[in-house]
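Colleague: Next up is a structure, given as structure tokens.
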Amino acid sequence: MPKEATTPMMQQYYQIKSEYPDAFLFYRVGDFYELYEDDAIKGAQILELTLTHRSNKSANPIPMAGVPHMAVDSYINTLVEKGYKVAICEQLEDPKKAKGMVKRGIIQLVTPGTKMAQGPDEGQESNYLTSVAGGRGGYGLAYSDLSTGEVFATTVPNFEEVVNELLSLRTKEVVFAGEMPADERETLEKANITISQPAELAGQHAEISYVEQLLSSPLEKKATRQLVVYLLSTQKRSLAHLQVAESYEVGQYLQMSNTVQRNLELTQSATTGKKQGSLFWVLDKTHTAMGGRLLKQWLSRPLLSKEKILARQEMVQALIDNYFTRENVVDALKGVYDLERLSGRIAFGNVNPRELLQLSRSLNAVGPILDALKESGDSNLIAYAADIDPQEEVAADIQKTIVDDPPMSTKDGNIIREGVDEDLDKYRGAMNGGKQWLAQMEVSERQKTGIDNLKIGYNRVFGYFIQVSKGNVSKVPQDRYMRKQTLTNAERYITPELKEHENLILEAESKSTELEHDLFAKLRDRIKEHIPELQKLGRQLAALDVLVAFAEDAEEKNYCRPTFAKKQEIDIKNGRHPVVEAVLEAGSYIPNDLTMDEDTSIYLITGPNMSGKSTYMRQMALIAIMAQVGSFVPAEAATLPIFDQIFTRIGAADDLYSGKSTFMVEMSEANDALQRASSRSLILFDEIGRGTATYDGMALAGAIIKYLHDKVGAKTLFATHYHELTELEQTLPHLKNIHVGATQENGKLIFLHKILPGPADQSYGIHVAKLAGLPREVLREASKMLKRLEAEGASEINPVSQQLDLFAPAPIAEPEPDPDQEAKDDLLDEISQTNLNEMTPLEVMQLVSDWQKRLED
Ligand SMILES: Nc1ncnc2c1ncn2[C@@H]1O[C@H](COP(=O)(O)OP(=O)(O)OP(=O)(O)O)[C@@H](O)[C@H]1O
């Protein structure tokens, strides 16, 4: 509670602060925002501000820190980036006109999930605020990027999936009421996701019914309402740019968990977290920020509908075939600004005159795009153009109203063209007339006084003045001039006549800037009416931008158009890894085929370390993903099934968020695949079992392979160093061995990076260690030990084959009879033979309880 609410201002402060206990309160005082008490202490530390005190005289001075209002954005940004919230408290009336205490109030609560992009670097980033509502049937999820107003909604069955979605979306803030399971809460906190309570809001709000109009699921509606209410109550203004929520089913897209997306480095490198090194980096030839964001979205949600994929492919093909059309479209797209975010700023009320000009220029670029598409003669391109409305009236309205080179600010005038408004022209006439009068006065005063360097000037404090240099002061007519200010080299004077004209000029000026401000706001409101159309146009241009990028990629990087097989078969001719290819010297990537007929589900891949096993596996997944987003793929030819899900266990990329051990992560990822994959899925398993003792690991790997083979049937690439597993080919008909070739020349290992049939003949580990430069002594010792082990392995029973025999049809030895086991087997028989249909629920309960007793005995 307030230590010292002695002054009315501090009383007001404490009152407001009590409503925002979990936010930094930026309290506007004149040209500064001030922070007090704990906010000041903590804020000073984080923002590197000087900590001072209010009213030092008191025994308990209040800690205080301040930031200039001009620079406030960057301070707010820093705090919000760190996961804090900032409540901006403004003076709500002109302090000069206020009677008593200036009225203040919170105009916006900036939170991690509602922070809007600042710099141009953030153009390709989306910042999603996600709202989660639980209920019968799982969880409704709704999320929105406030800067673009897009809203999506979906339903997931359990909280684990909620977390997966939150991580995939890279949400910074989640709005959730109720108890969150402790594990999940911890995961979110580790991922730096702010958890916020839902807000409350009185009154009717058109945004809510508008956004939720197409939703049918009660859970999604609940989540969406909670989302919109939170946005309205933090932003404290109408949000006309919020779009109608688009509901989707997670199963509508190729499903990949957040970990899979990270492992495959779809939008960011797993090691650096940057764009460079990702698939997005290779494919992103988009020319607008909207296109970049959409491409990212597409990559994390590849399609399942063949029809939709083919529609995108058709467009890409058309844009490849019509080179000049594409060039013209690209030229025009370069002039298109971020329509989605401009629409957001218009709705938000913080758009500036220059941005409105950017909008009109963007709209002017649409005409040439449509012309280019229509002139191509291609039916797909023509159809695409036919659906686009270039919003010419909006462009015309802006150009008619705003001058060619307006300032950023709406407060200083010079925004509105001549001829737009009669009153404005009148005020401007008066201002110009007044200024001409001043110029004449300057000339005539020089003549009258004989002072050649007499000047008329202006400053904010004294208004207009006559300036005379020190040397000429004796010539000043004392009866007419009144001295106002003394400078080192000059004196400044005023006359009644001058002040009279000053009043006229200043009045005209202030009226004119006020009017310009109004006219600008009116223009903004007129455009606001068109926001849904502008947003639609933005989406259409973004999609075109991505499709053009795909066409450029295809042509430049020699990608081919994949076809989709009805059966579960893969036939890739000379496939390449798009990212590895891009970083290697041109032409040095060795392409590889991947042919898997309907009857083969597992490729067991062996080969030395560093030979290219991981690359080959990832290549498969990336080609599948590219194909399902509608892009062409890095291969000479490719026929693919449409995969429903992708699972991976690749390398040793630890789960950064969960805090689980490497082996635990490995097993949970394997489990995920075993439990959820279907025969239409793709699984990449790289060295499963490596994280534990050899035999343990090998046994697990073997068992997993057998399960996948017998029960799942998903297309699986399984790389392993357990050479012994290659024997499985003899017992598992749907499994085939392949290996990555390597040869030795003069004791040196040469990687061929070529996939060949059959198992690898040896494992070359020591050679790779040599490449890595390990001391010769270690290498010699390892070679000796290897020889010894190999010799022993040949003479004794090979424990590995023993392990593998666990999966062989017949056991090697009769096990000893075990009375316990026999009792259990009896019980199992009984369970399987019980006919539930003939029993009442009570009887079933009785029976189960009997079984439990027998088990305990
Ligand atoms: N097809 C290829 N053509 C050219 N270079 C390749 C090819 N495949 C892989 N490489 C190169 O070899 C390096 C190692 O490949 P990769 O990581 O796939 O090997 P690996 O067999 O999985 O190794 P490990 O078993 O140690 O994980 C890659 O970084 C890449 O530079």
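Note: Cβ is positioned from N, Cα and C throughout, glycine not excepted.
For Gly607, Pro608, Asn609, Met610, Ser611, Gly612, Lys613, Ser614, the entry in TrEMBL reads ATP binding site. The domain 'DNA mismatch repair proteins mutS family' annotation in TrEMBL covers 681-697.
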Colleague: Would you count the other C-beta atoms found within 10 angstroms of the C-beta of Ser611 (ATP binding site) for me?
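Modeller: There are 25 such Cβ atoms around Ser611 (ATP binding site).
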Colleague: Restricting to the domain 'DNA mismatch repair proteins mutS family' (681-697), report the mean pLDDT as a whole number.
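Modeller: Over the domain 'DNA mismatch repair proteins mutS family' (681-697), the predicted model scores a mean pLDDT of 80.
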Colleague: What other residues of the same chain, not counting Gly607, Pro608, Asn609, Met610, Ser611, Gly612, Lys613, Ser614, have a CB atom within 8 A of the CB centroid of the ATP site?
Modeller: Ala719, Val740, Ala742, Phe751
Colleague: Under 6 Å from ligand 1 by Cβ, which binding-site residues from Pro608, Ser611, Lys613?
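Modeller: The binding-site residues passing the 6 Å Cβ test are Ser611, Lys613.
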Colleague: How many other Cβ atoms are found within 10 Å of the Cβ atom of Gly612 (ATP binding site), counting all protein chains shown?
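Modeller: Cβ-Cβ neighbours of Gly612 (ATP binding site) within 10 Å number 24.
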Colleague: Please identify, from the binding-site residues Gly607, Pro608, the residue with the sparsest Cβ neighbourhood, meaning fewest other Cβ atoms within 10 angstroms.
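Modeller: Taking Gly607, Pro608 as the binding-site residues, the minimal 10 Å Cβ count falls on Pro608.
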